[in-house]
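Read through the structure below, which is laid out as structure tokens, and then see the notes.
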Ligand code: HDE
């Protein structure tokens, strides 16, 4: 069913966080203008001057206040994940998880936990394109009754490096190069691939990054992953390992690389707009929270180390249990106050959840608070409205820049007798956080465990699990990215790494680059340590993993049962047959799709029966890359105008190139015949022609559910 536009009450009474934000939220509509001290302003457009043409007076406190505030509007953008979009929502648990965790929000199936989610790209600046080939951040804050819990994840389940100490190097390598600050929001340059080619542990992550997962169709169609192995602890103190997943109910879908590059020009806010629009229209994005749980005693059962963030636990080995649903149902009121000022941190934890010794996780525990101090200007950032928990906060911390709380009373120390020793510490039985008493012993060493040294088996598992079109896209992505690298030795070293993953993959990329795979292959070494010895150099292992293929890794296996929120363009002009327009429009909207009329001119078009149909966009102001499918209705004059309009024909050519479903009334055949894919009309599964609008609508909807017809690419000769 098409969803109705959501009513937007000021606050949802059931969302405790929204209720708590309300006193801070205000609108100037109908209000009088004042200075920041509340003085009514009489003239905000003329500065105070000495004489008619005279110089401005230093006395003008109104001018100074206004300009001073403007001068200080900017704060440092996030050093990574600068570009992002956020939304409010709720999390509802399906079943109590008491067997594994005592976390209140994972036991209470009655209440909806308020959440704020921020999606992001990693490498680009705040104003960069949404469609860069990049990892996407997927950071979720749960405002629970035991304080904030942040699950700061990504849309890929592994990471580039195994140890946090390498993170600054990784980020320096991928960011624009330091001499000329080129390229923006792109990994296709020398420094990135130089680093990667010297970092074999990145092989698995690089496969994900070169796959279509790095160019999602929408934030709403991405998976999310906590990446690290965390710990659940139940009320009896029994711990298990846990990996977190987010599974989108709309399935996992991507765009084509050529399309992504086009969207970056046509609408660099594509993902941000898509998230905003879908929430405004009431089509609320939804994900299920999944957990993979491993009992403590099974820690060493796998052929990889659970503490190694370059590894997944294949779903064949440990199934994902879906335990609750996240729904994003409200856009922020103010981007800066909410999306920009939210300060996520892995250390925002609740009883029942704990960390592991993953060295990447451990380093992050330091980084996130540290970075907020710079970004948000001091230690009181937790008192910003978006960061405040829904539960009260009491401790003996005081003062600092921009302190908001007025802490009354004489004592700010513990123990004290003057305030009856308040605030009181909380015993574990009453919900006080205790760290899981894991036994730890060993020597101090700067090295890695040998259990971290297989870098290739899961990279291969990922590649082997892809469908043929997905494999082709990976080959093309490597060919593109390495093709942009100027230093031949870097390209060659990378080919060497690829050949350790899959010889066929390496060979295809080598052909595209016009290079040979180097022999022997250089294996960058790292330090490891025998059980009781001094760290020594150690080469990566190249072993076969126990699992060769995993269905969950291919987007081809993602559910394709809905067209909800997909955007469909109807290419029409004056003289269009409005009966076919409304039949298709109604059928698509009934399934939750979104239809726009795209024409050769703006305003209205007049149909065969003299009806006025509103034009949403023209072939000049929009492009097929911003849609999921195209339909060309009948009506002789409309068909003739579309056929004669080069931009309209290009619209179809490009939609075909990007493997999208195309439908047309049989009477609009001549439009399709004007395209370069005229010869394919009969043979292509994703091109639907019919003189019966009802059956056309059904076949078209079935095709849109498929998302893309990638097999078209094989025989492609497309100039679009
Ligand atoms: Fe982050 N990361 N990260 N990261 N990360 C930041 O914190 C860092 C890593 C992730 O929407 C920063 O507030 C280190 C993995 C997301 O506000 C910073 C390491 C994963 C976001 C930081 C990692 C992430 C960040 C920058 C290596 C997926 C955006 C601004 C040990 C599991 C959160 C900020 C938002 C942001 C450090 C690796 C996800 C600098 C040192 C692995 C989604 O603190």
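Each residue, glycine too, has its Cβ placed from N, Cα and C.
Among the ranges 401-423, 424-446, 447-469, the one that TrEMBL lists as region 'Disordered' is 401-423. Given the ranges 1-50, 51-100, the record in TrEMBL names 1-50 as region 'Disordered'. With 78, 118, 167, 364, 368, 375 listed as the residues that bind heme, the site has a largest C-alpha separation of 21 Å. Taking all protein chains in view, 23 other C-beta atoms sit within 10 angstroms of the C-beta of residue 118 (heme binding site). Shown in sequence order, 135, 136, 137, 138, 224, 225, 227 are the residues of the chain, 6+ apart in sequence, with a C-beta less than 8 angstroms from the C-beta of residue 154 (active site).
If you average pLDDT over the domain 'Catalase core' (34-422) in this model, you get 98. Under DSSP, residue 78 (heme binding site) is assigned to coil, being neither helix nor strand in the three-state scheme. Remark: of the binding-site residues 78, 375, the most isolated position is 375 (fewest other Cβ atoms within 10 Å of its Cβ). Each residue contributes its Cα atom, and for residue 375 (heme binding site) and residue 81 (active site) these two points are 13 Å apart.
When Cβ atoms from all protein chains are considered, those within 10 Å of residue 368 (heme binding site) total 16, not counting its own. A straight line from the CA of residue 81 (active site) to the CA of residue 118 (heme binding site) spans 10 Å.
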